[in-house]
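Below is one structure, written out as structure tokens; comments come after it.
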Amino acid sequence: MSVNQQAHTGPPYGQPQPGYQGFQQPTYGGQSLPGAPQSQYGAYNGPVPGYQQPVPPQGYFPSLGFPSKGSPVALNSDTSSLAPNFIGSLRAPPTSGAPPPASGASHPSGHVAYSQFEHGDVQNGIPASAAPMQRPPASQPFLPGSAPTPVSQISTFQQYGPPPGSVQQLRNHMAGMTIGSTAASAPPPAGLGYASVPPVSGSVSATGSGLYTPYSASQGPPLPSVSQGLPVAQPPFPGQTMPTQRLPAQVPGFTPPPPSTGVGPSSYPPTTGAPRPPAMPGPPLPGQTVAGPPSSQPNHVSSPPPPSTMAGLHPGPPMSGLHGPPPPTHPPQPGYQMQQNGSFGQMRGPQPNYGGAFPGAPNYGSPPGPPPPPKRLDPDSIPSPIQVIEDDRNNRGSEPFVTGVRGQVPPLVTTNFLVKDQGNASPRYIRCTSYNIPCTSDMAKQSQVPLAAVIKPLATLPPEETLPYLVDHGESGPVRCNRCKAYMCPFMQFIEGGRRFQCCFCSCVTEVPPHYFQHLDHTGKRVDFYDRPELSLGSYEFLATVDYCKNNKFPSPPAFIFMIDVSYNAVKSGLVRLICEELKSLLDYLPREGNMEESAIRVGFVTYNKVLHFYNVKSSLAQPQMMVVSDVADMFVPLLDGFLVNVNESRTVIASLLDQIPEMFADTRETETVFAPVIQAGLEALKAAECAGKLFIFHTSLPIAEAPGKLKNRDDRKLINTDKEKTLFQPQTSFYNNLAKDCVAQGCCVDLFLFPNQYLDVATLGVVPYQTGGSIYKYAYFQLETDQFRFLNDLRRDVQKEVGFDAVMRVRTSTGIRATDFFGAFYMSNTTDVEMAGLDCDKTITVEFKHDDKLSEDSGALLQCALLYTSCAGQRRLRIHNLSLNCCTQLADLYRNCETDTLINYLAKYAYRGVLSSPVKTVRDALINQCAQILACYRKNCASPSSAGQLILPECMKLLPVYLNCVLKSDVLQPGPEVTTDDRAYIRQLVTSMDVAETNVFFYPRLLPLTKADVDSDSLPAAIRNSEERLSKGDIYLLENGLNIFVWVGVNVQQSLIQNLFGVSSFSQISNALSTLPVLENPFSKKVRSIVDMLQGQRSRYMKLIIVKQEDKLEMLFKHFLVEDKSLSGGASYVDFLCHMHKEIRQLLS
């Protein structure tokens, strides 16, 4: 029996096939379907009775576009100092199409205990059986000592120079290598942009909490070959050879090595005897003092101590201002070579113009004689995210990404490209950490590269791409495998003349139903291959039968219930009136299906403080009726008929109600609120109506009124950096977990809009939105004039966007791997089914896979994501996404096909879940350790032999250190002193369901020079790197991270530019209070506003605009997002962290 799983990369749709004429995509029975979008791929090959092209929902305004292509960046790169090794050619994608994931075997999804940080618990299973595919081999043999054939370009360090000629020369050289200094703690950053914060005062300590705390003696001394005083480790001593044994797959309980005093800011505390330089964080806030150096400390301090293994040298003169006894100094050992200048990853030689590590810092040198200036890595010689992004745009942005080839790595999320579906799901739906999976679990353990997919099942597509086709198989429903229940897909193999098919996931042979039978052509393909989306496309939908519905009954259309807090704060701030005014017009834009003239969604209204008020808005009433429920301990809905109504039928009654609510509560003095009973009321209303739906809750304060779910204020910043810090992220009570479970069972999704003026325990209030698949929006210190625009934009998009209700998702995999872990906003009642009361077009589910058997290079690995949901019209549907991946026996192939952006998305979510059960320091150390192991494995097994002093990174992972450092410096893992507990909990929940594009810009924000924008072009100006040294005092810059947009204005900006952008005549007149840019009729103003609008359209939330003037107190907040620099909360700079990672890698290799 010949089984060929190769997905056919057939001709473009619309190209006539043998025996078929005149196929047009948007037709049914030869007639054009109304509203069907035209595909840029030409016609689809013919109609099949019962399936049609869906029409985009009306009233939903998708994001205004995808990332725009900027002009190329001209980086001032020190090419002489960056000597790349070209090891083989660029990665070549294999050429076969493969299938999706198989069996629904049960696996534990939770195992949240933090053995999760160890990836050693991998089990084995069964290989897929399939005939070899016609494609080039995925792996090339690798011979030690020779360059692996297809590893793309590697960044390397230069070789060492001659040894120092004297003890003094060695001292001077080492003293100059001290990078950075202690950073001060961060000032209050307006909630770090997640919300505005009132002015603060008080002093901030001069030293940060430290990125890496010192290690105990029991953790072992540094290895002899690692110089503690140098950020970049040295080559072995004479007679010492680097071990050649294979890296262990797992280092259980591995502790990062003792930090080097030479590596970095306060993030790496000095070892005993090393001085801690003074902090120079920048201008302090009003009322804030920043400690300087002690008066006894001179402007130059001793060099870091060399390792104790370099013994037998004369002690240096004692220094004042040290934290311990003076360290001994030692002469160089014979053959010990110091570093040569100008190499990527190495210390540069003397550079006369280099001062301290930041503006205004003193120079540090050796005590005797004139101190030489410090040496530091040239930032232009280390991997640049901006250059990588720009190169990918230039190389891959012009051609459509055709998905017919198995295991093909897609363009970066920052590249604007079109997708042509030819058998694998678009990367807009699924992105993987690697597109070439190790064949064995041992190989996966050895590399430590997580195998994961970030899935966005209902992703919005650009208008040029075709929505998934809807296939109706009638009462018999979709064709499925008898054993594993996988759905028909392009990778199923038809045999015996088309009478049976063999499952690509479990190899079971299933009879083809008579109504589905079709003959095969001479290649073994069905002759209707191009007529059926499920045979030729990676993504499509099936109309579900009644068997897929609860209680074997088709669902009713969903309902939206608006629940408005009418306590004193909400009324006084103008929030209640604002919401009521907006709802009058917004209700006309509820999501609707295809060509429906009006939405099928019904609406209801509740207001609440300590009690709940329900409103009867039945169309037959002249005026709305209010019913009050004060018994919040036993919540019920006092009316059924008239609570959930059709908007058009009850329009006048609803309008009257929305006019009356602000007046009814205008004089309220009630300050206390309930919260859990509000959710219970919405849940009971949906139960009574026997439908799914969404609750929009607008809430302002901690629910302290006597009621179920009452909370107390437990905010305690003293717990930060202690073992109890994890409790700040955990819910206060299990009551909300149980409530969330009930909501999911009913299909009741909760979206929560918070308007706090103080702590309100987001970690607890967010449990129900998080577990039901809902969203949380937070507007701290809400002010009508500055925040209403952002809130209303968020509300409009939230109400209008596409949502699937009562959703269940299962990921099947082919034999050999299985889904073992899940991350995102959902609930799981078993180990395989991801349940969500609602799933919108912005939410992702991240799935981790483990081996349970060997995989085959020939058959590859397959994933199939099946989402069962109810559409906004009440139609039960199945959305299917299929993806085929390559498998490899060579580590070089794994590293050549990784996607760093997806890897960082997974690692961030993994770490953010970790803080629920482990101390933050444990989580951070585990992240560093895992990434060091990933890079050490590459260095040992894939890179050509070279000096141990060289840092060698895989081409596809050369940005892993900079992006990982951004995750480590994020507010969840390393908060500044004024990041609130609520902000940390909010960001933790937000990131957990972000897609890859959102985490990319969130952790490494986009920085654009506005003054260099071409006013005659539609494109964005070329982005620059996130560092203060890239800013010019004479320019204006824009920084965006998905939640905020900062416009930074330098002190020396031309007056004409200030006038054109802000409408004022001088720098001092620019107002920080602007929440939107003034509309001025000049080319520069129009260009900047169009850039802001373009960026807003690319993000799922409306970003808050913050104007920052140079040397203003808000500049501290802006600098927090310049992620390549040292952070005020103690985070390392990119240069320092790269050195630290290199030391970690060398420690592992030795």
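Cβ atoms here come from the backbone N, Cα and C positions, even for glycine.
For reference, TrEMBL has these:
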- 10-31: compositional bias 'Low complexity' (COMPBIAS)
- 261-274: compositional bias 'Low complexity' (COMPBIAS)
- 275-286: compositional bias 'Pro residues' (COMPBIAS)
- 324-334: compositional bias 'Pro residues' (COMPBIAS)
- 365-374: compositional bias 'Pro residues' (COMPBIAS)
- 478-516: domain 'Zinc finger Sec23/Sec24-type' (DOMAIN)
- 804-887: domain 'Sec23/Sec24 beta-sandwich' (DOMAIN)
- 1020-1091: domain 'Gelsolin-like' (DOMAIN)
- 1-63: region 'Disordered' (REGION)
- 85-150: region 'Disordered' (REGION)
- 215-396: region 'Disordered' (REGION)
The domain 'Zinc finger Sec23/Sec24-type' (478-516): mean pLDDT?
96
Mind tallying the domain 'Gelsolin-like' (1020-1091) by DSSP state, helix then strand then coil?
23 helix, 12 strand, 37 coil
DSSP on the domain 'Zinc finger Sec23/Sec24-type' (478-516): how many residues come out helix, how many strand, how many coil?
6 helix, 11 strand, 22 coil
For the domain 'Sec23/Sec24 beta-sandwich' (804-887), the number of residues DSSP places in helix, strand and coil
0 helix, 54 strand, 30 coil
